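K.L.:
Pulled the feature table from TrEMBL, pasting it below:
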{"type": "DOMAIN", "residues": "758-837", "note": "domain 'Cyclic nucleotide-binding'"}
{"type": "TRANSMEM", "residues": "29-47", "note": "transmembrane segment"}
{"type": "TRANSMEM", "residues": "54-73", "note": "transmembrane segment"}
{"type": "TRANSMEM", "residues": "93-110", "note": "transmembrane segment"}
{"type": "TRANSMEM", "residues": "122-141", "note": "transmembrane segment"}
{"type": "TRANSMEM", "residues": "153-173", "note": "transmembrane segment"}
{"type": "TRANSMEM", "residues": "225-244", "note": "transmembrane segment"}
{"type": "TRANSMEM", "residues": "251-269", "note": "transmembrane segment"}
{"type": "TRANSMEM", "residues": "275-296", "note": "transmembrane segment"}
{"type": "TRANSMEM", "residues": "308-332", "note": "transmembrane segment"}
{"type": "TRANSMEM", "residues": "344-369", "note": "transmembrane segment"}
{"type": "TRANSMEM", "residues": "381-399", "note": "transmembrane segment"}
{"type": "TRANSMEM", "residues": "419-444", "note": "transmembrane segment"}
Amino acid sequence: MASIPYRLMEEEAESSLSSSKEESSPVDAVLFVGMSLVLGIASRHLLRGTRVPYTVALLVIGIALGSLEYGTHHNLGKVGHGIRIWNEIDPELLLAVFLPALLFESSFSMEVHQIKRCLGQMVLLAGPGVLISTFCLGSLVKLTFPYDWDWKTSLLLGGLLSATDPVAVVALLKELGASKKLSTVIEGESLMNDGTAIVVFQLFLKMVLGHSSDWSSIIKFLVKVALGAVGIGLAFGIASVLWLRFIFNDTIIEITLTIAVSYFAYYTAQEWADASGVLTVMTLGMFYAAFARTAFKGDSQKSLHHFWEMVAYIANTLIFILSGVVIAEGILDSDKIAYQGNSWGFLFLLYFYIQLSRCVVVGVLFPLLCRVGYGLDWKEAIILVWSGLRGAVALALSLSVKQSSGNSFLSTETGTLFIFFTGGIVFLTLIVNGSTTQFVLRLLRMDGLPATKKRILEYTKYEMLNKALQAFQDLGDDEELGPADWSTVQNYISSLKDSEGELVHPHNGSKTENLDPKSLKDIRIRFLNGVQSAYWEMLDEGRISENTANILMQSVDEALDRVSTESLCDWKGLKPHVKFPSYYNFLHSKIIPRKLVTYFAVERLESACYISAAFLRAHTIAQQQLFDFLGESNIGSIVINESKREGEAAKEFLENVRSSLPQVLRVVKTKQVTHSVLNHLLDYIQNLEKIGLLEEKEIAHLHDAVQTGLKKLLRNPPMIKLPKLSDMITSHPLSVALPSAICEPLKHSKKEPMKLRGVTLYKEGSKPNGVWLIFDGIVKWKSKSLSNNHSLHPTFSHGSTLGLYEVLTGKPYMCDMITDSMVLCVFIDSEKILSILQSDSTVDDFLWQESALVLLKLLRPQIFEKVAMQELRALVSAESPKLTTYVSGESIEINYNNVGLLLEGFVKPVGIQEELIASPAALLPFNGNQSFHNSSEASVD
């Protein structure tokens, strides 16, 4: 009789359980997500302004939910069913869902320059550091824990617990606002050693499960997993960044591509290549940070930043609450473990071992950490030790151990212990270390503002108060509503009036304060931040390309590292990119196709011009901003003067290009103006949309039309094109006198018409062998016999015919002719010129007149050097000069305001005791008209 009611109760319980299962649904998993997000929002809202880290609160909430579901007889119904669905997800699937997004967001948001400088410290902590920690923890567990584990199992637990979790660490550092340098080291280490620890864990798990491994197979496994992951990450990064270049102003596609590539790269490495998915996504994110950050401009960059920030927030919320649930289930659902007091004692002992092993790692590597990258002091070392949090990754790995247990190699009890110890360590590190890190920062005085920043803060508050008063005067009264109450307005900006004592300008005190290195460093940093901000603005405006922006940003980052020891030096990082490369001469001296010469010797200068122009513009903007902010400040003036000195080299380079190849600057400016005009049209369309004058279809049509122009400018920009040789010869004035028998071979000549700067066309005193026709560029002259003391710019440019006088007279060249820029020119042999005179006497006057133009600039530079060759030719043609031959003894009259040129022979001034004047010479009247007595047969033009 006693067994009947028991059986009835059992059947009733089974029926109620089956009915509850029937009421449950897989959709309950969505309920858990929604509830987790609501709890996360509430926690974030309530904890804002408190010292409790948001992630710690989420973990506690998760433990509370897990405890209610697994530790009591009061199930949570559908919520509980949703919790169980998520808790039963395969740990590898859990990592595949959350890790790619979190790792990509974290690595993509890191600064490339900081990564480069801190990479050595990251590798030390993530490589040797993980190995040291693994063997320390494994040895201590093996020697002190009573579970009779072998060395492989002990080292497996040590490897599992050796990695600081990037999810937990990054979330904590963002909340606490640690210094950029320390945050980069800790965050980078957590990203890297998470990957290396998983590799070590996988290695020991295989060994525990009976896979035989020798040293060669171990090394092969490590190389494949680590280097393979880096290679896959780089491959996906290169492919996706190249794809991004073909996507134009489509924010949705750009953001979607970053999501897809992060998950696909993780899956490829983890499932197909048997490499580390964590290291793959970390490499991918850092590659994007290095080469794709400038690919997202304007609204796209803001949208991308907000999107990944939201993804990271949602993933963090879910993963920390779920971690709490896993911890609660691991402890409370295993009665044998949960109620054994010694297991709890060994949990706290293991927590102590973890802190001890972290101290050993940092202590052993401290001498190297101090000498690599930015270095490390003892205070930062303490924070490095204390910030070794564990999180969801360690929990997922312990769950995989649990799944692999229950065999002759790994008992079920051992798998349960792994979950118990891992969950307890995650809880303790987040609760104890996570909650007290801010206290440790304050104890070490690492969270406060230095005196220089406090002075700037107080000064800014004072300036804001003045701006508020100015705004009130502009807005406080109007015709419709009348005046406003200033005292009421003041109540809402009372925080600006809490400055302590009398306001003092932050950098206008005594002379000793003005020379304070910390103050000078602070202003240099602010100035360079302004320069970098100007670069970003120019990138959005289309003034500079992505590659140019990367070079400019890197130069500022390098200069920021030197602000405490050097003056502003961001130009130093740009010097290798701003110069006439040394290979120009090599290109010109070899038989290389003209198109390649043009590309390497001409078009490659565009980038240097963009860099120089952007550098000058950014520094000018930053100078004005600093002056507007600080006013007449001594230290501000020092930094502004340093900036002006930096700009001198950029100005000099642009002047050299302007004199050498003005086409380059013209194309650069054309690109900038085109992009600016198209952006102005976009702004105009948006304004018409804003005020409601255009409908949606009209706006879409106009917007697409302008976007088509921008896309065309991006993919087919205006290029530097040198004119065809035939066109250049036809445009030169001398071609009028040249017969087609001479011009046609020149037009089809395969000789390179380009001469680089510093090439000597001919030397003074050498025998004339031909004539040079100058089409573009600048040629300077210098002579030992001719006086050019009055010449400021002894140069010849477009349209000049050099050496013609010497060829016509047979005299040696009068001076040296040297290219002062890149020059386009053609050489005509003297025999061809003389053959023209013999065959066609009608061109005689023309050739002598053409030679006279060069003589005027050589002999009378103080009068004619500023006159362009084209203007001088027009002036001479307007006077209708005549070539006249005089016999010996005949007088030559030079009228007032006229100039005579003695082309051949000798003359003697009448009434003046002077020596004979030899040709070539300029004959000028001294006072009124002047007569010359011919001493031989002479020709005068």
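Cβ coordinates come from backbone N, Cα and C, glycine included.
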K.L.:
Is it true that the transmembrane segment (419-444) and the transmembrane segment (308-332) have 3 or more Cβ pairs under 8 Å, skipping pairs fewer than 6 apart in sequence?
P.N.:
yes
K.L.:
Between the transmembrane segment (275-296) and the transmembrane segment (54-73), are there three or more C-beta pairs closer than 8 Å, counting only pairs 6 or more apart along the chain?
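P.N.:
Checked: the transmembrane segment (275-296) vs the transmembrane segment (54-73), no contact.
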K.L.:
Okay, the transmembrane segment (93-110) and the transmembrane segment (251-269): do they have at least three CB pairs under 8 Å, pairs separated by 6 or more?
P.N.:
yes
K.L.:
Take a look at 93-110, 122-141, 308-332, 344-369, 381-399 and tell me which one has the most Cβ pairs under 8 Å to the transmembrane segment (54-73).
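P.N.:
Counting Cβ pairs under 8 Å, the winner is 308-332.
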K.L.:
Which residues of the chain, 6 or more past the ends of the transmembrane segment (122-141), have a CB below 8 A from one of its CBs?
P.N.:
115, 149, 151, 154-159, 161-163, 185, 188-189, 191-193, 195-197, 200, 350, 353-354, 356-358, 360-362, 364-365, 368-369, 372, 384
K.L.:
May I ask for the residues of the chain that lie six or more residues beyond the transmembrane segment (93-110) and have a Cβ under 8 Å from a Cβ within it?
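P.N.:
Same-chain residues near the transmembrane segment (93-110) but 6 or more away: 166-167, 170, 184, 187-188, 191, 258-259, 262-263, 265-267, 270, 277-278, 281-282, 284-286, 288-289, 308-309, 311-312, 315-316, 318-319, 322, 392-393, 396, 399.
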K.L.:
Select the range from 225-244, 308-332, 344-369, 381-399 that forms the most Cβ-Cβ pairs under 8 Å with the transmembrane segment (29-47).
P.N.:
308-332
K.L.:
In the same chain, who gets a Cβ under 8 Å from the transmembrane segment (225-244) while lying at least 6 residues past its ends?
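P.N.:
For the transmembrane segment (225-244), the nonlocal Cβ contacts are 195-196, 199, 202, 254, 257-258, 261, 264-265, 268-269, 273-284, 287-288, 291-292, 295.
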K.L.:
Under the DSSP assignment, what numbers of helix, strand and coil residues are found in the domain 'Cyclic nucleotide-binding' (758-837)?
P.N.:
14 helix, 29 strand, 37 coil
